[in-house]
Amino acid sequence: MPTPAPLIEMRGITKSFGAVKANEAVDLSVAPGEILGLLGENGAGKTTLMNVLFGAYAPDAGEILIQGKPVRITSSADALAAGIGMVHQHFHLAPRLTVLENLLIGIPGKAGRIDRAGGLARLAEIGRQHGLTLDPDLAVSALSVGEQQRLEIVKALFRGARLLILDEPTAVLAPTEVDGLFSALRSMAAQGLGIIFISHKLNEVRALTHRCTVLRHGRVAGRVDDPANTTSAAMAQLMCGHEIVPPARGASTPGADVLTLDGISTSQHSGTALRGVSLAVRAGEILGIAGVSGNGQRALAEVISGVRAPDAGQMTIAGQNVSRFSPREVQALGLGRIPEDRMTTGLVTNLPLADSMVLPRIGTAAFSAKGLLKPDAIRAFAEAQIKAYDIRCPGPMTRAGALSGGNLQKALLARELAFDPKVLIVSQPTRGLDIGAARFIHEKFLDMRAKGCGIIVIGEDLEELLVLCDRIAVMYEGRIVGTLDSADATIARLGLMMTGAEGHS
Amino acid sequence: MFRLEVRTSTPAWFNLALPLLAIGATLVLCSGLIALAGAGVLEAYGVMFTASLGDSYAITETMVRAAPMIFTGLAVAVAFRAKFWNIGAEGQLLAGAVASCFVGAIPMPGPLAMVLMAVAGAAAGAAVALVPATLRVKFKVDDVVSSLLLNSVIYYALMALIEGPWKDTFSGYPISPPIEDSANFPVLLEGTRLHLGVVVALIAAPLIWFLIVRTTLGFRIRVTGENPEAARYGGINVERVLLSTALLSGALAGLAGVGEVGGVHFQVMSDISPGYGYSGIVVAMLARLNPLGVVPAAIFLAAVMTGAEAMSRATGVPAFLSDVIQGTALLAMLVALLFTAYRIRRVGAVR
Ligand SMILES: Nc1ncnc2c1ncn2[C@@H]1O[C@H](COP(=O)(O)OP(=O)(O)OP(=O)(O)O)[C@@H](O)[C@H]1O
Ligand SMILES: [Mg+2]
């Protein structure tokens with residue numbers, strides 16, 4: 001790809017949060033028609049840098065040039081006016097308004113009236129050009145996550161973005177949706193748009209991007225000029241500063257069933273209900289639950305955690321019927337849980353990290369006696385885990401919400417593993433984590449497996465499941481359509497089963 | 001140009017600085033109204049200060065007024081910590097007053113009467129608070145609306161009582177019969193109205209602080225308030241925590257009513273509370289929901305109320321100014337709270 005004059009150039013950007021230097025003298029440029037990958041470990045400063053570009057943060061030093069001219073971007077309105085669009089990890093949409101209304105927010109109409117016809121025409125045109133079709137009259141709350149993301153992209157194009165920033169767009173997508181996103185991005189680049197793409201999945205980066213900038217500890221650690229012909233291992237080395245070897249899953253001899261589900265069904269409540277799910281996890285085994293998210297995984301995790309009682313069927317832990325047990329009771333029997341959604345069902349972001357770390361076991365003798373907390377024990381526990389798991393934070397009294405994604409995940413892992421669970425239920429354990437952190441988490445799971453823990457991993461990332469799991473069950477529309485030994489499983493076969501085709505085991 | 005930026009941590013000194021800032025801003029803003037009413041600003045504030053905190057008698061009067069607001073402030077602080085939006089401290093106070101008056105009128109030894117008055121008042125307040133909490137837990141009814149509306153229900157029930165069965169047959173005034181003399185709370189300083197209830201209020205604040213910060217119930221209240229989903233998954237029975245919080249909050253508000261009956265009025269009348277339940281919300285917000293902060297915040301509002309009456313007599317500025325100051329203080333504090341979550345940054349410093 002020839003390099004014409006850069007569309008956007010960031011020079012010497014520095015941004016600190018108190019003592020933390022999130023960005024230090026970062027240079028970055030994107031040419032028209034170029035897809036730039038922005039890589040780096042969790043907390044390397046990728047999001048911060050993009051927020052500076054998008055006007056959400058004012059940099060402490062440095063300048064931004066658009067087509068060679070210095071500009072001052074002090075708000076997202078400035079950024080949009082300068083032709084910069086950003087798709088955040090958390091979408092900024094009005095859920096009750098329709099697709100078209102969301103597009104027209106903030107766009108001046110003709111003589112105070114909303115230009116509906118014009119909007120419809122633009123929407124149809126953008127859809128045709130890049131394959132980004134959306135029903136204009138559907139309410140946003142009725143859209144899938146993938147469609148909401150598409151709307152965010154269309155919104156940016158609608159406002160005339162010439163540079164599009166996507167912060168970990170694939171973390172929320174199913175594998176099939178990723179393909180659609182990529183072809184849209186390629187088509188946009190072909191028309192001369194610049195794109196900045198953030199992802200922790202190196203195979204995606206290699207497939208999509210033309211060039212990469214790698215950040216480490218807020219500084220530019222290096223650049224990759226030909227990602228397609230660079231190995232993931234080499235990129236990982238740039239990101240982390242050392243080599244990352246995938247963990248080896250040795251053979252194991254599973255013991256007795258530690259958790260069984262027999263004909264579990266739930267009522268339609270929120271999301272897909274379970275329809276007669278039966279499965280068993282043995283001690284010392286990792287069972288994967290593959291499936292496009294939204295096929296009942298949430299209900300499954302809720303039933304196993306005791307948050308939701310099944311309407312029919314029976315669940316046992318270590319042989320004991322626990323179908324009607326509360327979350328506290330299943331915990332007491334040795335169930336550990338690492339939720340998919342760290343911020344909403346896992347941690348209390350506004351309270352000190354230590355509080356989140358002892359939350360599930362606050363009533364036990366370890367952390368309280370006769371209704372009184374043991375503040376020293378709580379603090380000591382949190383400090384010990386912070387050390388053992390290398391959780392990067394100023395200390396146990398830091399607000400949990402201030403930690404980066406990888407560190408939050410380590411904290412959740414630490415709080416469960418510290419109590420040697422017999423069964424562990426985990427959803428999307430490495431979503432949004434850099435490969436070093438993901439590697440660390442995988443190792444911990446394998447350690448637990450060796451210790452005789454039965455682990456259920458719910459996930460969409462088939463490669464991850466194949467590395468980690470002994471057996472993989474596939475879920476579709478609230479049912480288990482089949483279970484494969486991972487020796488027999490291939491991505492193609494699992495992918496087929498995930499669309500509802502019956503499997504055989 | 002300036003803009004707001006999200007903060008990750010709040011410096012500790014903010015806890016002190018913000019309320020002071022809010023109070024300062026309030027006094028500045030309200031000075032405009034005083035000037036409008038044709039009085040000297042400094043003179044008016046001077047009168048307010050002397051009348052409320054100028055000598056030891058004034059201080060005891062201010063403390064007597066602060067006591068019910070310490071209780072309602074604690075009631076609101078506890079409830080808001082759990083995000084149980086109890087706007088009903090006023091009704092719970094009135095219920096506490098009625099119950100304790102009822103018990104206090106029964107002849108029995110004084111100390112026993114006082115204890116039973118407190119128990120009855122707390123129980124009545126708790127029972128009232130349980131209504132919005134139950135409605136919310138069982139039927140998802142908005143607790144702001146239900147607890148607020150219940151205030152009127154309780155108020156009119158009280159009116160029915162003192163206009164009906166309790167009406168003073170001798171004078172014909174709508175006031176309840178007085179409690180037994182032996183049940184009157186002892187006065188601690190000769191020649192003042194400083195009664196036992198004030199001391200109980202001052203002791204209650206650190207106790208509630210301890211409960212919130214150092215007990216498992218307090219932990220569950222805080223976690224439930226901040227993130228009910230994480231609490232539920234973490235094995236906390238969120239519904240039970242909300243109901244417990246409501247009981248505690250209502251009991252505290254009920255005790256405010258007990259103090260007014262046992263220590264100040266010795267009977268129940270329609271204006272036994274000049275809105276102490278609502279002032280409790282201002283107090284709790286000024287205290288940033290910290291039970292220890294409730295004491296100075298309540299004393300501040302009490303001083304404003306006492307001072308405003310004297311100022312009105314001396315300068316002719318309407319005593320309503322007290323309400324304006326309260327309202328402004330609440331708004332100022334809400335604005336100040338913004339600074340705990342955001343910082344103001346000057347932008348345009350690029351390059
Ligand atoms: N608003 C903030 N206040 C204080 N510190 C912050 C803030 N935002 C980010 N940080 C810190 O700045 C550093 C960079 O964070 P940033 O979110 O940019 O990382 P990232 O590369 O996007 O990581 P991830 O891959 O986990 O998304 C981290 O140490 C983070 O804790
Ligand atoms: Mg990020």
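Glycine is no exception: its Cβ is also placed from the backbone N, Cα and C atoms.
Marked as transmembrane segment by TrEMBL: B:12-42, B:62-80, B:87-106, B:112-132, B:144-162, B:194-213, B:276-304, B:324-342.
Remote same-chain partners of the transmembrane segment (B:144-162), defined as residues 6 or more beyond its termini with a Cβ less than 8 Å from a stretch Cβ, comprise 85-88, 90-92, 94-95, 97-98, 128-129, 131-132, 135-136, 174-176, 268-270, 277. Between the transmembrane segment (B:12-42) and the transmembrane segment (B:324-342), three or more CB pairs separated by 6 or more residues in sequence fall under 8 Å, so the two stretches touch. Proximity of distant same-chain residues to the transmembrane segment (B:276-304), defined by a Cβ-Cβ separation under 8 Å and at least 6 residues beyond the stretch ends, is recorded for 15, 18-19, 22-23, 48-49, 52-53, 62-63, 65-78, 80-81, 87-94, 151, 202, 205-206, 208-209, 212, 253, 256, 260, 322, 325-327, 329-330, 333-334, 337, 340.
Of the ranges B:62-80, B:87-106, B:324-342, the one with the most Cβ pairs under 8 Å to the transmembrane segment (B:194-213) is B:62-80.
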